[in-house]
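Note sheet for the following structure.
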Amino acid sequence: MHQSKLRSWRLPVTASVVLLGATALTACSGDGGSAGAGSEDGYEIAVLLSSSQNGYNQAVAKGVQEMADELDADINLTLLDGQFNADTQLSQMETAGVGDKYDGVVVVPFDGPALAAAFPLGNGIPVTSVLNPIGPDLSEMEPQVEGVVSTVAVPAGEAAAKQAEDVVTYCADLDPCKVVLLVGQLNAPLDVTREESYREVLEAEDNIEIVTTVEGNYDPDQSATTITNVLQSTPDVNVILSNADQQTKGAQIALEDAGIDPSTVYLTGGGGTTESIQNVRDGIWKADYINFPVSMGAAAMEQLYNALTGADVESYVNADEVGEIEPYATKETLDETPDYVGEWEG
Amino acid sequence: MTSTTARTTAPRITPAKALAFLRDYAVLILLAALLIVLAIASPSFFTFANLVNIVNQNTPLALIAVAGTFVIISGSFDLSTAAIYAVGSVAAAWVAMETGNVVLGLLAPPVIGLALGVFNGLAVTVLRVHSFLATLASSLIFQAIAVLITGGALIQVSLDGFSELGRGRIGGVFYTVVILIVFVAIMWFVLKGTVFGRHVFAVGGNPDAAQLSGVRVDRTRVMVFALSGLAAGMAAAIGVSRIASGQPQAGAGLEFDAIAAIILGGTSIYGGVGAVWRSVAGVFLIALIGNGFDILGFNPQIKDLVTGAIILAAVGLAAAGIKRR
């Protein structure tokens, strides 16, 4: 009796859930099915983010949108979420590369070498890449595959080397100078390149001792955990060299929890979030490698538009030069630009 | 005569008994072995500060695993705990910043977690969808809610006292450690010493028999999912307090870590068998591997390899005992 009663209203409940989902899908789809029609009816642009749930990617998308509005060319953007998954983004690129739905693509590659497999695109539409190049060589900023017209980035190895060189300067009077490398993910080619660059610069100095390399996974909580562990064996660490602001924030928490004043350690990050810039201004962090994701997105959209309209295209836009200030920020450089607050929240 | 009596009364260790012991206590044996190895390998390991840190760092995972033990013993899975954690994380930050009330902000995740857990329980019992699929689907819904609350970005919390829950201490011990100890004690008692606990085992062992015996199977299932949601919410409150920012991607992977710890501890994946202490041991076995790697400065690229090998060893030990029997 009880079970049959349940069964009798299970069907309507299930049907309602399915109908609700279908209605939501219909409502969300809008006119996304319309085909790209080139200059006569404006442009349909696919924006392939490595993740839509990530502040950096959202800042890039914001820049793309701002430039699309500024160009006043009836540009319609469709954002696609790569979910931090190389296969997902590859599929999205392959889908964008067939048919006539899109006129062009702006992409933030999750895995540039893997994404190269989608090229050349079947429909030959132009693609601009932000943050990383598409192709096997992560240090090569000129287009490596047919179809990519412009890359807005800075070689990861170069940026990492700049960070490491500043560490060398800081360590000049310390012997030994104990350095912990806090990198994102050691299964990601970009982060492996960064770690290699750090080591190449630091290992050339006799007074610098690289204590260990740990993964922060771009997560403050995980970074706090791993740096807390490292501090158990190396409480007298001099430098924590991180490639991402979220990780540096975690390192700061770990130092504070261990009773160490973070300003007594060389803390540096990468990204240029509003919080990190404030930390550098306050002297809590010694430096930060600033990214300009909004400006980078805008530059990528501009170059894509140039390609679509037959104007001159810059095949490589140096991402360090698109922002308002010097990218390698210290308290001294930021004091020269007191109004700068950063382009994104971490 | 005397020698004969002695021979008949002295406990004999047979290979079968030894294997049964290994099966039952594989996780504790490996935990003890790892403790000894790490204590020998690094003088920094076996210190009060480090051990407290390990417990503090893993409190969110342990809370989820302890509550998840009830879910798995009852024959279900909860794959939505990480998504509940994410919703709780952003909700706490949002409420705190909107109201300026730290207490209200930190109370939001457990309340929301409890509600989402009840939702899971109802999805499983009313729609009769397998818990694996129901919570997989609900995790997508919850994750989307977390993204919608923040628009995908993070919410910084700059209120005094917000970090006290995650980073505050009493007598050198983090509040979170005290919370974990109390929670484990209560859950241990609930599972072993209450009617509800016996119902959880009964539902996982044989739901039809339990129903015929008068156990309200559906209500028990809803309650275990509610408990799981509550624990994920509590974990979120601690996590968001620790880093003072709510993030929609917070807690990613926690659901699988929790299930791995529960199974590693020896709770049966088929339901009906398990214990709270086993999951706690499973959590800290995995935690020690991570701590050991960081303290000893080993290459993090092989951490997953070692973790996988140890999990396989523990599960293999347990399986060896079962085969023998």
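Cβ coordinates come from backbone N, Cα and C, glycine included.
Unlike curated entries, TrEMBL annotations are predicted automatically.
Fair warning: this is a prediction, and the values are worked out from it, not measured in the lab.
Sequence-distant neighbours of the transmembrane segment (B:25-49) (same chain, 6+ residues past either end, Cβ-Cβ under 8 Å): 172, 264-266, 278, 281-282, 284-285, 288-289, 291-292, 295-296, 310, 313-315, 317-318. Among the features that TrEMBL reports, transmembrane segment is placed at B:25-49 (among others).
Residues or ranges marked as transmembrane segment in TrEMBL: B:61-87 (among others).
Per TrEMBL, the feature transmembrane segment maps to B:107-127 (among others).
Per TrEMBL, transmembrane segment is recorded for B:139-158 (among others).
Marked as transmembrane segment by TrEMBL: B:170-191 (among others).
The feature transmembrane segment is assigned by TrEMBL to B:222-244 (among others).
Under the heading transmembrane segment, TrEMBL lists B:256-273 (among others).
What TrEMBL lists as transmembrane segment is B:280-299 (among others). Same-chain residues lying 6 or more positions outside the transmembrane segment (B:280-299) and placing a CB less than 8 Å from one of its CB atoms are 27-28, 30-31, 34-35, 37-38, 41-42, 44-45, 50, 53-55, 57-58, 61-62, 65-66, 184, 257-258, 260-266, 306-307, 310-311, 314.
What TrEMBL records for B:305-322 (among others) is transmembrane segment.
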Intrachain neighbours beyond the transmembrane segment (B:61-87), with Cβ under 8 angstroms and 6 or more residues off its ends: 55, 109, 112-113, 116-117, 120, 124, 131-132, 135-136, 138-143, 145-146, 149, 179-180, 183-184, 187, 191, 200-201, 203-205, 207, 220-221, 224-225, 227-236, 238-239, 247-255, 257-259, 261-263, 265, 267-276, 278-280, 282-284, 287
Tertiary contacts of the transmembrane segment (B:107-127) (same chain, 6+ residues out, Cβ under 8 Å): 76, 78, 80, 84, 87-89, 91-92, 95, 134-135, 137-138, 142, 218, 221-234, 236-237, 240
Tertiary contacts of the transmembrane segment (B:139-158) (same chain, 6+ residues out, Cβ under 8 Å): 79-80, 82-84, 86-87, 89-94, 96-97, 105, 116, 240, 244-248, 255
